[in-house]
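Since the structure comes first, as C-alpha cells, the remarks are kept for the end.
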There are 2 protein chains.
Amino acid sequence: MEEVFQNETIKQILAKYRRIWAIGHAQSVLGWDLEVNMPKEGILERSVAQGELSVLSHELLLHPEFVNLVEKAKGLENLNEYERGIVRVLDRSIRIARAFPPEFIREVSETTSLATKAWEEAKAKDDFSKFEPWLDKIISLAKRAAEYLGYEEEPYDALLDLYEEGLRTRDVEKMFEVLEKKLKPLLDKILEEGKVPREHPLEKEKYEREWMERVNLWILQKFGFPLGTRARLDVSAHPFTTEFGIRDVRITTRYEGYDFRRTILSTVHEFGHALYELQQDERFMFTPIAGGVSLGIHESQSRFWENIIGRSKEFVELIYPVLKENLPFMSNYTPEDVYLYFNIVRPDFIRTEADVVTYNFHILLRFKLERLMVSEEIKAKDLPEMWNDEMERLLGIRPRKYSEGILQDIHWAHGSIGYFPTYTIGTLLSAQLYYHIKKDIPDFEEKVAKAEFDPIKAWLREKIHRWGSIYPPKELLKKAIGEDMDAEYFVRWVKEKYL
Amino acid sequence: MEEVFQNETIKQILAKYRRIWAIGHAQSVLGWDLEVNMPKEGILERSVAQGELSVLSHELLLHPEFVNLVEKAKGLENLNEYERGIVRVLDRSIRIARAFPPEFIREVSETTSLATKAWEEAKAKDDFSKFEPWLDKIISLAKRAAEYLGYEEEPYDALLDLYEEGLRTRDVEKMFEVLEKKLKPLLDKILEEGKVPREHPLEKEKYEREWMERVNLWILQKFGFPLGTRARLDVSAHPFTTEFGIRDVRITTRYEGYDFRRTILSTVHEFGHALYELQQDERFMFTPIAGGVSLGIHESQSRFWENIIGRSKEFVELIYPVLKENLPFMSNYTPEDVYLYFNIVRPDFIRTEADVVTYNFHILLRFKLERLMVSEEIKAKDLPEMWNDEMERLLGIRPRKYSEGILQDIHWAHGSIGYFPTYTIGTLLSAQLYYHIKKDIPDFEEKVAKAEFDPIKAWLREKIHRWGSIYPPKELLKKAIGEDMDAEYFVRWVKEKYL
C-alpha cells in the first residue's frame with residue numbers, strides 16, 4: 001500500500017501525536033476495565049489516574065511546539081486528502097481544548113460530578129427539587145460553554161458541533177419537521193391499525209444467561225466478528241463499544257434474564273459500532289484520523305445492524321433455529337411470533353425502552369427543551385411541565401412521575417447538552433444508507449437470509465468505514481451516497497415495514 | 001490518621017509525582033490486560049502504547065524541575081521517616097534512569113527483543129547455536145550496564161542492586177555457601193532415606209477446570225482475599241500478581257487439567273504477593289513508597305504463603321474436605337497422601353518444576369554463571385558445558401538437551417541478569433520470618449488448621465507490609481525481626497519438615 005503521509009510537517013506532527021494517541025489508548029483500556037472488571041473499591045485510584053492522564057493529554061495537545069506545527073500545516077497547500085484530514089481533526093481538537101479556561105473546566109467537572117450524585121438521589125426518590133438547582137447550574141454552564149466556543153447562528157449550534165462536527169440547529173430542526181409532519185401520522189396509523197403488536201408474550205419469557213451467550217456468539221460468528229483475534233464480547237451494566245486501536249475492538253452486552261431480544265439487539269447494535277472501527281484503513285493507525293468521525297455517523301452504523309438487519313424478517317428467520325435450539329420456550333412460538341416481538345411499537349415513557357418508531361419523538365422532545373435552555377431565559381423549574389406536555393402531544397401519554405419523565409436520563413447531569421440529536425441522526429441515516437446499499441446490492445434481503453454479510457460489510461467499508469475521520473460527517477455522507485441527510489428515507493422505511 | 005507528609009518540598013514532589021504514578025497505573029492495567037484479555041492481534045498497538053508511556057514516564061522523572069526538587073529534598077534535615085523514604089526511592093529511580101544513555105537503552109531494547117525471538121526458536125529446535133551470538137551480546141550489554149551504574153566491589157553488584165536494592169555479590173555468596181555446606185547434605189539424606197516421595201500418583205490425576213476454580217475460590221475466601229471489592233482472580237499463561245494501587249490488586253492462576261497442587265500452590269503464592277500490596281498504609285496512596293520494596297522481600301511473602309502455609313500438614317488437612325467435595329478421585333486418597341504429594345522432593349532439570357529443596361540449587365547454578373559472565377572473560381559457547389557440569393555436581397543429573405539445560409529460562413534473553421538470586425532470597429526469608437512469627441504466635445500451626453489467618457496477616461502487615469518502600473530491604477528486615485538475612489533458618493525448616 002502506498003504511504004499516505006508524505007509531507008514532512010505532517011510526519012513531524014504524527015511523530016509527536018503518537019504520545020497523545022498512547023494516552024488515549026491507555027484511557028480507553030482504563031475505561032473499559034472500569035466497566036467490565038474493576039473491583040468496586042478500585043474507583044478512587046482509577047479516577048485519579050484518569051484525571052491525571054486527561055490533563056496530561058490536554059497539555060500535550062496544547063504544547064506550543066505541537067500547536068505551531070499544526071498551524072504551519074494549515075498554511076500548506078500541497079497536502080493530500082489524508083493529510084488535510086489530519087490537520088482538520090487536530091485543529092478542531094486544539095480549538096475545542098483551548099476554548100475553555102482551566103477554571104471553567106474545573107467548574108464543569110465539579111458541578112457535573114455533584115449533579116450526577118444529586119440526579120441519582122432525585123431519581124431514586126422521584127423528587128425533582130433535589131436536581132433542580134443543579135440543572136439550573138448546568139444550563140448556565142452550557143450557555144457559557146456556547147459563548148466560549150462561539151457560533152454563527154445560535155448558541156445551541158456550538159454545543160451540537162461538539163458531538164457532531166458541523167451540525168447546526170437548523171439541520172436538526174429540519175429533520176424533526178419531517179418527522180413531525182410525516183412520521184407522527186404514520187405512528188398514529190400503526191397504533192390504530194393494530195397489525196403491529198403493542199406487546200408480546202415473548203417479552204415475559206425468562207432465559208438462562210448461558211442460553212443467550214450461545215445465541216449471541218453464534219450471531220457474532222455469522223457476522224464474522226473476529227473474537228479472540230481482534231475483538232472481545234464482555235458483559236457490563238450498560239452495553240458499549242470501545243476501540244483500543246484498529247486491531248483491538250471490544251463490545252459488551254447484558255443479560256437481564258428475560259425479554260431476550262434486548263441482549264440480541266444490543267449485541268448487534270454494538271457490533272455495528274465495532275465494525276466501523278475494525279474496518280478502518282490500517283495506514284491510519286496511531287493517527288488522529290483513525291476511528292469513526294462522529295457520534296451520528298457511528299450511530300448510523302449501529303442502527304443499521306440493529307434496525308435494518310437485526311429487526312428484519314430475514315434475520316429473524318436466520319436466527320430462529322438457533323433460538324429454538326437454545327431457548328426451551330421457543331417451541332411455543334413461530335418465526336412470525338419472533339418477528340412481531342422484535343418489532344413491537346408501543347408508546348412508552350422511557351427512551352431506552354422505546355421502539356424504532358417512537359424513539360425519535362423522545363429525542364425531538366429533548367431537542368426542543370435543550371434548545372430553549374441554551375437560547376432562552378428558561379428555568380429548570382419550568383421544564384418538567386414542558387416535558388410532560390410535549391410527551392402527551394407526541395406520544396399521547398403523560399408521565400405520572402419525574403423518574404419516568406424528566407429525571408430518566410443521566411445526560412444532563414453529565415452536562416451533555418446537544419448530544420441527544422445524534423441518536424436520531426443515526427437512526428435516520430441507517431435507513432438512508434439502506435436504500436443506497438439496495439441500489440448496489442439489490443438482493444440485500446436474500447444475502448441477510450443466507451448470512452452472506454461480506455458484501456454488506458464491504459459496501460460499508462468502502463463507502464464509510466475506511467475513510468476514518470478524513471472528512472467531516474456531512475462531506476463523508478456526500479461522498480458516500482451523493483446527498484445530504486434526508487429524513488424522508490426513514491419515513492419510507494417505516495411505511496414499508498409497518499404498514 | 002495523622003498526615004505523614006508535612007514538608008513543603010515533599011508535598012511539591014508528591015504533587016508532581018501523581019502524574020508519574022498515573023502513568024504507572026495505566027502501564028499496570030495495560031500489562032494485565034495484555035496477559036489476561038487482549039485479543040492476539042492487539043499486540044502491535046499495545047506495544048506502541050506501552051513504549052510511548054515508558055518514554056513519557058522516564059521524561060517526567062528526569063524533568064529538571066522534578067530532579068531539582070528531589071535534590072533539594074536530599075539536603076533537608078528535618079524530614080520524617082516517611083519523607084526520607086520518598087526521597088530515597090525517587091533518588092534511586094532518578095539515578096538508575098539517568099545512568100543509561102538513550103542509545104544504550106535503545107540497544108538493549110532492540111537486542112533483547114530479537115534475542116527473545118532467537119531464544120524461542122533455539123529452545124523449540126533445541127539448537128543452542130541460534131541463541132549463542134545473542135547471549136554474547138547480552139553479556140556484553142550487562143557488562144556495560146554495570147559500568148554505567150557503577151559499583152564498589154564488583155560489576156555484578158550493580159546488576160543485583162537493580163532488582164534488590166543494596167544487595168551485594170558477597171551477600172549472595174554467603175547465602176549459597178550455607179546452602180552448599182548444609183542444605184546439600186540434607187538433600188542427599190532426604191533422597192537416600194526415601195521417606196519423602198520422589199513421585200506420587202496424584203501428579204497424574206486429571207481435573208476439570210471448574211473443580212479447581214471452586215477449590216481456589218474457597219481457599220482465597222478463607223484467606224480473606226477481597227475478591228470483587230479490592231481484588232480479582234483471573235487466568236493467564238504464567239501466573240502473576242499486579243497492583244493498580246492499594247485498592248485494586250489482581251492475581252492470576254492457571255489450570256493445566258492435571259497435577260492439581262500446581263494451581264493451588266500458584267494461587268496461594270500469588271495471594272502472598274497480593275497481600276503485601278493490599279496491606280499497604282493507605283496514606284501512601286499515589287506516592288512512590290506505596291508498594292513492596294523489592295523483589296526479594298516480595299518473594300518472601302509469596303513463598304511464606306506457598307511453602308510455609310500452603311505445604312503444611314495443617315493447611316492440607318484444612319483443604320482436604322473441599323478437595324474431596326470437588327475432586328472425584330480424591331476418595332482414593334488420604335490427607336497424608338495429599339501432604340506427601342504437596343511435598344515431593346525430586347531432582348529435576350527444570351527450575352520451574354523444582355521442589356522447595358532442590359529449587360535453590362537451580363538458582364545457585366545460575367548465580368555462578370551470571371557472576372562469571374559479568375566479571376570474567378567468558379563466552380556464551382562455554383556456558384552449556386558449565387551449566388551441565390554444575391547441574392550434575394549439585395543435583396546429580398545431567399541435561400541431555402539444551403532445552404532442559406541452559407535454554408530453559410527466558411530471563412537472559414530478556415536481559416535480566418542478576419534477577420535469579422531474588423528467588424532464593426524470598427525462599428530463605430520466608431523460613432526466617434516463620435521462626436520469628438512463631439515467637440509471637442506460638443500456636444501458628446493451630447491457627448492455620450482452624451483457618452484463623454487474621455493474626456498471621458496482622459503480623460505480616462505490622463512487620464513488613466505497612467512500611468511499603470520506606471526502608472531499603474536490609475533495613476526493613478532489621479526493623480521487622482532484628483537481624484539480617486540468615487540462610488540457617490531455611491536449613492532448619494527443611495530439617496524439621498523433611499527429616
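Every residue, even glycine, has its Cβ placed from backbone N, Cα and C.
All chains included, 25 other C-beta atoms sit within 10 angstroms of the C-beta of B:E270 (active site, proton donor/acceptor). Feature annotation from Swiss-Prot assigns active site, proton donor/acceptor to B:E270.
Reduced to three states, the DSSP call for B:H269 (Co(2+) binding site) is helix. Sequence annotations record features per position, and here Swiss-Prot assigns Co(2+) binding site to B:H269, B:H273, B:E299 based on experimental evidence.
What Swiss-Prot records for B:6-499 is domain 'Peptidase M32'.
Residue counts for the motif 'DXRXT' (B:248-252) under DSSP, helix first, then strand, then coil, are 0 helix, 4 strand, 1 coil. Among the features that Swiss-Prot reports, motif 'DXRXT' is placed at B:248-252.
Positions annotated as motif 'HEXXH' by Swiss-Prot: B:269-273. Panel annotation: around the motif 'HEXXH' (B:269-273), residues 220, 223, 225, 239-241, 251-253, 292, 298, 301-306, 310 of the same chain, lying at least six beyond its termini, place a Cβ under 8 Å from a Cβ of the stretch.
Averaged over the motif 'HES/GQ' (B:298-301), the predicted model reaches a pLDDT of 98. Here Swiss-Prot flags B:298-301 as motif 'HES/GQ'.
Among the features that Swiss-Prot reports, motif 'I/NRXXA/SD' is placed at B:350-355.
Distant neighbours of the motif 'GXXQDXHW' (B:405-412): 116, 119, 122-123, 126, 128, 131, 135, 138, 349-352, 366, 383-384, 387-388, 391, 399, 419-420; these residues of the same chain sit at least 6 beyond its ends, with a Cβ under 8 Å from one of its Cβ atoms. Swiss-Prot lists B:405-412 with the feature motif 'GXXQDXHW', giving sequence analysis as the kind of evidence.
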Setting B:H269, B:H273, B:E299 aside, what same-chain residues sit with their Cβ within 8 Å of the center of the Cβ atoms that define the Co(2+) site, listed in sequence order?
B:T241, B:E270, B:G272, B:H298, B:Q301, B:S302, B:R303, B:W305, B:E306, B:G426
What number of additional C-beta atoms lies within 10 angstroms of the C-beta atom of B:H273 (Co(2+) binding site)?
25
Including all protein chains displayed, how many Cβ atoms other than that of B:H269 (Co(2+) binding site) lie within 10 Å of its Cβ?
24
Chain residues in Cβ proximity to the motif 'I/NRXXA/SD' (B:350-355) (below 8 Å; excluding those fewer than six residues from its ends, i.e. six or more beyond):
343-344, 362-363, 404, 408-409
Validating a neighbour-count step here. Other CB atoms within 10 A of the CB of B:E299 (Co(2+) binding site): how many?
25
